[in-house]
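One structure below.
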Amino acid sequence: MILKLQQKQPNLNGTVRITGSKSESNRLLLLQALFGNFEIKNLSNSEDSDMMQQALASTEKTVDIHHAGTAMRFLTAYFAAYEGRETILTGSSRMQERPIGLLVDALNSLGADITYLKNEGFAPLLIKGKKLDQNKVALEANVSSQYISALMMVGASLPNGIEIELIGKITSVPYIEMTRSLLTQLGIESTFEGQIINIKPAASVDISEMVVESDWSSASYYYSLAALCDSAALKLSSYKKNSLQGDSALAEIYTELGVETTYLDTEILLKKTQGPKSQSVAFDLANSPDIAQTIAVTCYGLGIGCDLTGLHTLKIKETDRLEALKAELTKLGAEISVTNDSLHLKPGTNYREDVTIKTYQDHRMAMAFAPMALRVPIVFEDAEVVNKSYPDYWDDLKSLGFEIKEL
Ligand SMILES: O=C(O)C1=C[C@@H](OP(=O)(O)O)[C@@H](O)[C@H](O)C1
Ligand SMILES: C=C(OP(=O)(O)O)C(=O)O
C-alpha cells in the first residue's frame, strides 16, 4: 500500500487512544503462559503481540513469529525449557539476519539443546525442549537486552531460579528493569546489583489481573507532531508518570524540542511551547533506542541539528536504522552522517517535496517520517508496515485532520 500524506492544518487538537505497550504485553503473555492465568488488560493490538499469542497457543512443530524480535528472543528461552517439546522457531527473512547466538549459547550452557538449521548464530532454530539443569549463566550485555529479559522470565520458572552475570556495558537497561518490575508485581523476587541479576524461583503467581500502560514508543510520533505544528493540544491515553517504559523519557527530551507534557488522571496532554531552545541538541539514546528515528526526524522538521549517540543496537533492528535514516533524510534534503553508533544532523530546512519514503520493512521508518507531512506532502511505500506495533496509526492521524490518500 502506497500512501500520500498532507497536513495543511497546522493546529492540532484531539484525543488519541493508544493500546498497551508491546514490550509489556509480550512479557505478560509469556509470564501468563509460564505462571498462571491472570487476565491482561489493555493488551497491545500490535502484530508482534498477535504473533506472541499465536505462537504460545500453537501446537505445530514450526512456529513462525515473522518480524517480532521480542517474540523470537522470549520464545527461544520458553521452548528451550519446555520439556518434551520439539520446536522449529523461525521468522521473516530479516529475523533470520538478526543475531541470536548469545542467547542460544547462554541457554545451551544452562543445559538446553538448541541448534541452527541454516546459519550459525541465526534463526531458524531447532529447539529440543528439556529440563534446564544449571542455574548460573554469563553473557555479553551490550548487544540486546531482550536476551537478558528472556533469561530472567524463563529463569524464574526453573527450580532454582537463575543467576545472570552481565558482561561489559549493559544496553537498553530500562527494558531489563521493566522485566524485573513485572516479575515483582507478580510476586517474584529478584535483585540487580552491579553486573549480577538474581531471580528467585516461582511455580505459580497469585494475581488475577495485570493492566498494561499504553505504548510510549507509539506516543513518540505525537510528540513529534506537537513539536512540528504551529499549536497543539493533544491528549493521549492511558499513561502514567511512573512508567515502566524507558521511552517515557520522551516527556523530558521533548521539553528541549518545544513540547510540554502535563500528566492528567489517566492521560498525558502534549502542548507546543515556544519551539526548540537551541539550534542543535544532543541525546544519548542507549536507554531508549526505539525513539531515535522519531527524534532525528523531529529535529530535521524543526530545522535544527542533532547529535544522537548510544545507537549501537540500531543496526540489528527491523532494518539497519542508521543507514535507513541517512538515506531517507538525505532524500528529503538533510545533511546527515552516521557511524556504527551515532548520527549527526546539520541544521537546515532545504525540504524537498513529494519525496517517496522507503520503509525497509520497519514500522518506525513510516511512523517517524509521517509528521514531516506538516512541512511537505510526503509519500510512503509499504505503509502497512505500521501494523508491527501500531495498526491504527494512519486512522489516528486521519482523526487529527491528516489527508491520507492511497495511490
Ligand atoms: O525488551 C523489549 O521489549 C525491547 C527491547 C529493546 O531491544 P534491545 O534490547 O535489543 O535494544 C527495544 O529496542 C525493543 O523494541 C523492545
Ligand atoms: C526493535 C523493535 O522491536 P523488536 O526488536 O521487538 O522486533 C521495535 O519495535 O522498534
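Glycine too: its Cβ is placed from the backbone N, Cα and C atoms.
What TrEMBL annotates here:
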ACT_SITE  D290  active site, proton acceptor
BINDING   K22, S23, R27, S144, S145, Q146, S172, D290, K317  3-phosphoshikimate binding site
BINDING   K22, G69, R98, Q146, R321, R364, K388  phosphoenolpyruvate binding site
DOMAIN    56-397  domain 'Enolpyruvate transferase'
Site with most surrounding Cβ atoms, counting all protein chains shown within 10 Å, from the binding-site residues R98, K317, R364: R364
Pairwise Cα distance for R98 (phosphoenolpyruvate binding site)/K317 (3-phosphoshikimate binding site) [Å, integer]: 7
Number of other Cβ atoms within 10 Å of the Cβ of S145 (3-phosphoshikimate binding site) across all protein chains: 26
DSSP state at R98 (phosphoenolpyruvate binding site), helix/strand/coil: coil
Of K22, S172, D290, K317, i.e. the recorded positions, those within 10 Å of Q146 (phosphoenolpyruvate binding site) when Cα atoms are compared: S172
Binding-site residues whose CB lies under 6 angstroms from ligand 1, from R27, Q146, S172, R321, R364, K388: Q146, S172
The domain 'Enolpyruvate transferase' (56-397) [mean pLDDT, rounded to integer]: 97
R27 (3-phosphoshikimate binding site) versus K388 (phosphoenolpyruvate binding site) - Cα distance in angstrom: 16
Neighbourhood of ligand 2 - binding-site residues from R27, S145, S172, R321, K388 with Cβ under 6 Å: none
Nearest of the binding-site residues (K22, R27, K317) to G69 (phosphoenolpyruvate binding site), judged by Cα-Cα distance: K317
Nonlocal neighbours by CB distance (under 8 Å) for the residue listed as 'active site, proton acceptor', same chain, sequence gap 6 or more: S217, S220, D247, R364
Residues that sit under 8 angstroms from R27 (3-phosphoshikimate binding site) by C-beta distance, when 6+ apart in the chain: T70, F74, S149, M153, M178, T179, L182
Under 8 Å by Cβ from K22 (3-phosphoshikimate binding site), same chain, sequence gap 6 or more: S44, S46, D48, S49, T70, D215, S217, S389
